[in-house]
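These notes concern the structure reproduced below.
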Amino acid sequence: MNPQAKLIFIISLFLGTTITISSNHWVMAWTGLEINTLAILPLISKSHHPRAVEAATKYFLVQATASTLVLFSSMTNAWYTGQWDITQLTHPTSSLILTAAISMKLGLAPFHFWFPEVLQGSPLTTGLLLSTVMKFPPITLLFMTSQSLNPSLLTILAILSVAMGGWMGLNQTQTRKIMAFSSIAHLGWMTIILIYYPKLTLLNFYLYAMMTAAVFLTLNSMKVLKLSTLMTAWAKAPSLSTILLLTLLSLAGLPPLTGFLPKWLIIQELTKQDMAPAAMIISLLSLLGLFFYLRLAYCATITLPPHTTNHMKQWHINKPINPSIAVLTTLSIMLLPISPMLATLV
């Protein structure tokens, strides 16, 4: 892709995100979402492979439908209340339609089927944008309308997302699909706490984006797209494999790594809100996710050659590690000791 064109698309992406997160009017928020969608489409389909074109088409259709529902929801609310302000979404039908629209944009279950397919058809760097930057504007809209949404509906969507993300990720062999189901499961954790403690949703999202960025950049440096390639990666780049192991365990939410912090705070807050059964269910369902993170970590570090995969042994590379990977990994595994400070920030 032409570097100038790529730069324009990336600037448009951040412009759309900025417009949505800083707007008070529904039409401006919708405009930002549309700019975002149009900017990411060329980045998905830049390889011109049939799978990439298919992924871009699926992404466009789903996002166009969700944007239409966002506009319909805001118009219905304006019709009944005369308010176009995002925080004044008071009509129950509008709230219901908006929840469905944002769930579709984010890839929350049961509207999650497009996300693994789109991620599988995209390059790893575009997959990183789809999993992090593209999720931020819809989460911001949920954050701003959180006081108007239905708690029972969001809890059901959240538990369903964690369950589907865990179950459907179990038998995957493609790293991008595994990361897609990981994203769906994490979105469930963010959604369940949204009504009761919205700032905790944002903290969870920031930490999730940081850990996911570290995993995607590491996979991109190692050129790993499936588990069989990951099994031979230790001989090629042992330091990157070690980084991947730690970051995956952090994504799984194991103490004493950073990923444990949001899960701990969310379970604590749910218990305070007399939602201990929901906290117990979501904690047990996250064990499904733990299994495929451990399988990825096992493939990355424990299956040392010689083993049974029919791959040639790769040359060891002495290329220095990208500084951004080093910084993101350090943050992904070492933030738990400063959790009291992070808790006071939210």
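Cβ from N, Cα, C; glycine included.
Predicted automatically and left uncurated, TrEMBL annotations should be read as such.
The domain 'NADH:quinone oxidoreductase/Mrp antiporter transmembrane' feature in TrEMBL is assigned to 23-288. Summarising the annotation, TrEMBL assigns domain 'NADH dehydrogenase subunit 2 C-terminal' to 290-342. Per TrEMBL, transmembrane segment is recorded for 5-21, 56-75, 95-115, 152-171, 178-197, 203-222, 243-266, 278-304, 325-343.
The transmembrane segment (278-304) and the transmembrane segment (203-222) are not in contact, since fewer than 3 Cβ pairs between them lie under 8 Å (pairs 6 or more apart in sequence). In this chain, the transmembrane segment (325-343) touches the transmembrane segment (203-222); three or more CB pairs sit within less than 8 A of each other, excluding pairs fewer than 6 residues apart.
Tertiary neighbourhood of the transmembrane segment (178-197): same-chain residues 106-109, 112, 115-116, 119-120, 127, 131, 135, 139, 142-143, 146-147, 149, 151, 154-155, 157-166, 168-169, 172, 204-205, 208, 212, 215-216, 251, 262-263, 266, 269-270, 273, 275, 278, 282, 285-286, 288-289, 292-293, 296, 346, selected by CB-CB distance under 8 Å and a gap of 6+ residues from either end.
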